[in-house]
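Residues or ranges marked as domain 'Glucose-methanol-choline oxidoreductase N-terminal' by TrEMBL: 109-132, 286-300. Look at TrEMBL and you will find Val111, Val251, Trp477, His478 tagged as FAD binding site.
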Amino acid sequence: MSKASSHESLDAEFAREVEENQLRLRASLRATYDFIVCGSGSSGSVVARRLAENPDVSVLLIEAGGSDNAPEVEMAAAWPLNLGSARDWGYTALPNPHLNGRAIPMSMGKVLGGGSSINVMLWARGHKTDWDYFADQAGDPAWSYDSVLNIYREIEDWQGTPDPARRGQNGLLYITPPIESNPVAAAMLDAATELGIPSFDDVNGAMMEGPGGASYFNLRIRDGRRQSIFRSYTFPVMNQPNLTVLPGTLVTRVIVERGAAIGVDCTSDGRSHRFLASKEVVLSLGAIQTPKVLMQSGIGDAEALASLDIPVIQHLPGVGANFQDHIMVSSCVWEYPEPLPPHGNGGEATIFAKSAPELDSPDIQLLQIQFPVVTPELAGRYTTPAGSWGIFPALLRPHSVGRLRLTGAKPDDPVQIDAQILSDPADLTALRRCVELAREVGNSQALKGFVKREVMPTALTSAAMDDFIRDGVTTIWHQSCTAKMGQDDMSVVDSRLKVYGVDRLRVADASVMPRVPLANTMAPSVIIGEQASRAIARQHRF
């Protein structure tokens, strides 16, 4: 038997062991667990794993979605097929007057692994200024860049150029630069040099401590297969008797008695269930479901809750407020002279830059994409050849802030997402500069060999360019900040991620970010899970 065959055989044997163990555990569910973790995404998977490492602790991990055993999840190149599927919550924001009345789809993972099972698999850790801002808002140096860097080094298994000061090896998370980059990606880095933008070996190294630059992405892909956070953290310990993973189960309410969380109410296959937690409940449901469940549990703005006849448990006006997201224009497109097939995850190079020189960090980003991605509105205006490639101009530091609102007290009452994208004029100004930069890169000498013609936007008047942006804006699926960590009256959790005014309840997901970082949110969400786990372990002395 070959080494590869032997490895696959061991993997299959372990998978059977996990399946049999979980079937046994689900057949005899307990009424009470020590810890209940709600949501198996990039934070919840981490919390569940770390708690279950203590054999004396019982953990129930609840996930609304189903199995991640699907080729669309496993195969890296198939990630777009997850959008709009059963593995997507399928949210849509309210129609937005700043986007010519468009209602933007907002995909979020509804599957074991959450967003890490349907995303683009980019490992982006955030800028130094992000983490130092988190520490300042939290009043806790444990969130500073230097402190978080230590955690990143512990958990990473970095396959690129060694950088012991910043990168880790032999951790749980396999992270790699592109193994064989698409030639357009390499040419994009050459284009950056042509424009005076420095290139870096590692997008997560020194580049994230300075004013920007160009680099290849870090990827969570191995042998063409997605490496979700769930598969790296949780799955390897699912053969243990102290970790029960319960998919297909929707958490609808946190049960609070005498000021403390004691469990959760859930639904599954049309039936109601209640599970109690003897120690803590951790909400890791994502930046839309976490505030929704908090509000439906009576934790939120007292006036808004009372208007829906929801008994107020704790007045926290910040629940559902401060909604932030990264946005991009889909997209600037060029036609190939000779089409190249997509490679890997379809996008391997990026540029971070400032829209204005006085900024303390980058605020815009260019993301190279190996196939055309165009909104329906722009598709009606431009003819886009299939043999095309593009650049997404993206806004990383939005000034526009939105809000989530409940429409009713029942679990199946939808939440309103008032994203308020481009409501602050500064965001449109920054995106204009970003589109200009994308066109400078795409029309550069370095990329000339990959361009038959510029498809869109081409040279436009100022008013026409603004219209192009408003019709082209889409989310980058980085919804966050709706239960923010901090010390002011709009904060929902403290530096240990404990919900203010409610004992034994924490939030650990992108909701707690004080602002959306200069990063895809997967890696920072892993850090949030690690920070929550360590805070829990310290409090309970294990």
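The backbone N, Cα and C atoms fix where each Cβ goes, glycine too.
Values in this document were obtained by computation on a predicted structure and should not be read as measured data.
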**Request:** Sort out the residues at least 6 away from either end of the domain 'Glucose-methanol-choline oxidoreductase N-terminal' (286-300), same chain, that have Cβ-Cβ distances under 8 Å to it, and list them.
**Result:** 38-39, 41, 64, 89, 91, 106, 108-109, 114-115, 251-256, 310-317, 319-320, 323, 404, 406, 409, 411, 415, 417, 479-483, 492, 499, 502, 507, 509-511
**Complete:** Out of the binding-site residues Val111, Val251, the residue with the smallest number of other Cβ atoms within 10 Å is Val251
**Message:** DSSP on the domain 'Glucose-methanol-choline oxidoreductase N-terminal' (286-300): how many residues come out helix, how many strand, how many coil?
**Reply:** 11 helix, 2 strand, 2 coil
**Candidate with the highest Cβ count within 10 Å, taken from the binding-site residues Trp477, His478** = His478
**Request:** Taking helix as H, G and I and strand as E and B in DSSP, count the residues of the domain 'Glucose-methanol-choline oxidoreductase N-terminal' (109-132) in helix, strand and coil.
**Result:** 9 helix, 3 strand, 12 coil
**Prompt:** How many angstrom lie between the most widely spaced Cα atoms of the FAD binders Val111, Val251, Trp477, His478?
**Reply:** 22
